[in-house]
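Residues annotated as domain 'DNA primase large subunit C-terminal' in TrEMBL: B:257-427. The [4Fe-4S] cluster binding site annotation in TrEMBL covers B:C266, B:C346, B:C363, B:C403. Annotation source TrEMBL lists region 'Disordered' at B:440-485. What TrEMBL records for B:457-466 is compositional bias 'Low complexity'.
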Amino acid sequence: MPASDYDSACLPDILPLYYRRLFPFSQYYRWLNYGGVQKNYFQNREFSFTLKDDIYVRYQSFTTQNELEKEMQKMNPYKIDIGAIYSHRPNQHNTVKSGTFQALEKELVFDIDMTDYDDVRSCCSAAEICPKCWTLMTIAIRVLDRALRDDFGFQHLLWVYSGRRGVHCWVCDKAARKLSVAARSAVAEYLSLVKGGDETMKKVVLSDPIHPFIRESLVVVERYFPLYALQDQDILGRKESVDKVLALTPEDILFRTCSRANSSIAQANSSPHFISLKSNLQQDFQNEKKPENRWNLLKDQAKRKQATSKKGQHFEKEIMLQYCYPRLDVNVSKGVNHLLKSPFSVHPKTGRISVPIDLKELETFDPFAVPTISMICEELDRPRTVEEEDKSEETIDKENEKDAAESRKIRDYKRTSLAKYVKCFDQFLDVMARSWKGELLKKSDLQKDF
Amino acid sequence: MQFSSRTKKFTTNSQTELYSHPLLFYVQPPLENISLVEFETFAVERLKLLKTIENLGVSYVKLSDQYIKKLEAESKALNFLYRTEATGLLPNGGSETLVYTTEVDLFRYRFNDLYPKQKLEFLHRNNLQYDTISVEEKKALHDKLVSSSYAFSGITVEDQDFYKVPFQDALDLVRLRKVYLKAGYVYIPHQEIVTIVLNDFRTRLSKALALTARSLPAVHSDERLQPLLNHLSHAYVGQDYSNQKNVGKISLEQIDSLSGKSFPLCMRQIHQSLRENHHLRHGGRMQYGLFLKGIGLSLEQALQFWRSEFIKGKVDADKFDKAYAYSIRHMFGKEGKRTDYTPYSCMKVILSNAPSQGDYHGCPFRHSDPELLKQKLQVYKVSPSGIIQILELIKGMHYQLACQKYFELTHNVEEASFSLNHPNQYFIESQKVLAGGRDIKRETDAPQKPQENSTKAPSAAPEAAANTQDVAEMTEELDSFFQDA
């Protein structure tokens with residue numbers, strides 16, 4: 001079913017169904033409870049709900065999974081955001097003296113939004129996305145995932161499709177959750193290369209020597225650049241986009257590069273600025289229409305320049321990074337108390353579920369194939385197959401009454417296209433559970449000592 | 001007060017030992033009794049010093065030779081005292097971050113000033129001991145270490161000791177990518193160790209500031225200290241341009257013409273893009289919205305202003321009321337924790353929240369490509385020689401001076417009689433110049449034409465009167481100092 005079949009007007013009708021039968025509450029609680037290692041970790045977590053007509057309720061908090069379920073089923077939020085773990089229960093924040101209610105911990109989060117790439121993608125703008133520009137998100141995930149793991153040593157990274165035009169990353173390691181505001185902003189700045197707003201043309205400037213982190217990132221970008229930038233975006237095809245690229249090439253050395261071809265002319269004019277690299281390149285580009293070859297011409301110029309000038313010049317790398325390097329919304333990552341849309345929340349505009357992305361299948365991840373709420377609710381109405389029927393009989397026999405409702409819910413989502421995303425979430429949680437198992441053991445050992 | 005009871009537990013010996021070191025982390029509060037007069041002098045001296053450092057940070061690149069020279073001269077002149085932790089009592093609204101950053105700057109300077117031996121001693125005394133990496137490890141990482149440290153050739157890497165430190169302890173180096181980072185550890189060459197110490201100092205300082213902020217109510221109830229503290233924090237932060245005196249003196253129709261005549265370039269730029277795009281992202285709304293509030297827009301006017309512009313674009317009135325009106329009321333302290341936000345100073349605009357894709361806020365002198373800025377200035381009819389002067393100042397990173405030059409050029413004044421540190425100050429000064437001689441004339445006209453009053457420049461607000469007579473004298477001196485600074 002295409003996503004266009006979703007109509008936001010029907011949300012009030014299908015949200016109750018989603019929260020009653022499909023939302024993966026037990027996994028969700030398992031995640032945010034973090035094995036119960038720290039006291040009140042789940043209880044002091046802020047949730048905030050966006051209700052019908054954009055009514056925004058902050059500082060919700062719940063003591064148990066059951067309470068969370070009941071409340072969500074009652075409120076049927078259009079959107080769920082997750083905030084920080086506070087010093088007190090967020091829903092009682094008014095009862096404690098102001099100043100003592102403080103955000104203590106939160107996952108380190110990253111928000112990458114396609115709107116921030118508007119100056120370098122020609123296919124869409126603002127909130128629109130298409131398969132041509134989605135590669136940018138793939139690159140972003142590859143670059144950041146590598147850096148967060150290899151450089152910072154984090155292990156538990158949950159990548160989530162936001163439901164519309166971007167991706168989020170939740171770094172769930174204990175060390176990441178405890179980072180201070182200053183540390184978060186340092187991490188975010190370490191990872192940011194593209195700087196400047198609409199008033200800046202050249203947004204990536206590399207200094208010499210190139211830091212190992214940038215080298216590693218370049219390896220990723222170079223892998224995608226030909227197919228993404230040269231073919232899909234065709235940045236060296238149309239005149240306007242060519243001009244944009246040329247504007248990023250340096251003015252100064254210009255003449256040295258053409259002196260090889262026209263040394264006599266250059267000498268005759270004797271002004272180094274007379275013939276510029278740009279016009280030179282522009283001429284070359286006129287004879288050469290194929291984007292790949294044009295790019296090679298540009299790379300040649302860069303190589304020549306590197307060979308001749310003392311300090312490294314990296315303008316071809318800078319162009320690649322400006323077009324492809326992930327653009328972070330730094331403010332989201334900085335604040336401990338910043339809210340971010342929760343996984344498995346619905347995106348009210350598109351109806352798509354905010355689902356975890358399986359990095360093993362990242363290259364084939366298609367945001368348009370992510371199920372909408374109307375789609376999975378419809379799938380629920382399909383008649384069961386005999387096989388499914390048999391299985392469910394069995395499980396009901398095995399389990400007692402109380403668990404029956406729970407297991408029905410599990411069976412429910414398994415019958416929809418949400419299943420594979422919940423499975424991915426489960427795998428993520430299993431790996432993480434191993435880390436806190438060790439910690440719990442240590443704790444209980446300590447208790448026995450006494 | 002509590003302080004006196006604590007004093008008795010410690011012998012004076014530990015006291016003298018504490019102050020015998022040239023540099024302190026301020027782990028322990030001052031334990032001896034100090035008189036109120038002493039407290040006041042310490043606090044004022046410290047404040048003067050911090051203010052000086054802040055001003056230096058604006059005009060010079062931190063830790064450049066010039067900066068250090070200036071700082072040296074200034075700090076000697078002020079004869080600062082190590083013991084004035086009185087500043088810990090200062091946090092009061094906006095001054096907190098200023099105290100914080102300048103204290104860190106001061107500490108950095110003083111640490112760099114120590115002899116290598118003293119540095120090591122300092123590290124040991126404060127339990128900051130990290131492991132150096134083995135020769136084998138250094139060999140294995142050789143290339144990475146070379147390419148991640150600016151000033152090293154391969155040979156110097158071999159001679160250097162590298163420390164392996166959790167990245168959380170060396171945030172400044174991580175932020176700037178000045179070190180090699182692997183699996184959560186940074187590899188720091190010996191000479192960069194100051195960063196770690198600074199980081200530690202910062203943590204302690206912010207903890208101390210937070211703690212003092214919590215005990216502030218108790219201190220404020222002490223009627224001997226309260227007027228003094230109030231005045232100190234006010235004088236330190238300087239004019240914050242939040243005063244509500246000019247509310248309603250500006251009409252919405254005037255904004256377009258004012259933006260050309262009296263807005264600093266940053267606000268003019270935001271205003272223009274707002275008119276063109278009928279939208280502004282959050283950073284722009286905050287910077288511009290608070291500025292407008294500062295020049296006298298009332299909440300009602302602000303809501304009307306933003307709504308009328310936004311609904312020309314993609315946002316309909318309903319969406320505006322739901323998604324944007326809240327943040328505007330928030331700015332005026334009518335929502336959330338009800339803080340009455342003050343307009344951003346130049347420092348804040350220049351240093352925090354740099355604009356990214358789709359943003360128009362920030363400082364044009366800091367955040368624009370010089371080429372684009374040049375074009376813009378040409379459009380605004382700044383003379384070619386003026387443009388060269390401005391670009392020259394930018395090259396030296398004197399963004400506020402560049403803006404001041406822009407003021408002088410566009411207002412035809414030889415040399416501005418103020419030192420610019422706030423967009424709202426720019427506006428007030430501009431209005432003063434434009435009103436010029438007419439100001440006196442209007443005063444006689446005013447009774448007949450009351451509406452015209454709205455264009456009259458709001459006079460710079462006099463400092464709030466000190467609460468008691470005996471502090472008045474002292475504070476007067478302080479005022480004059482800060483106004484000069």
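The backbone N, Cα and C atoms fix where each Cβ goes, and this holds for glycine too.
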DSSP state at B:C363 ([4Fe-4S] cluster binding site), helix/strand/coil: coil
Cβ-centroid neighbours of [4Fe-4S] cluster site B:C266, B:C346, B:C363, B:C403, 8 Å, sequence order: B:P264, B:L265, B:V349, B:I350, B:P364, B:F365, B:R366, B:Y399, B:Q400, B:P423
For B:C403 ([4Fe-4S] cluster binding site), the number of other Cβ atoms found within 10 Å of its own Cβ: 26
Collapsed DSSP category at B:C403 ([4Fe-4S] cluster binding site): helix
Around the Cβ of B:C363 ([4Fe-4S] cluster binding site), the count of other Cβ atoms that are within 10 Å: 26
Cβ-based isolation winner (fewest other Cβ atoms within 10 Å) among the binding-site residues B:C266, B:C346: B:C346
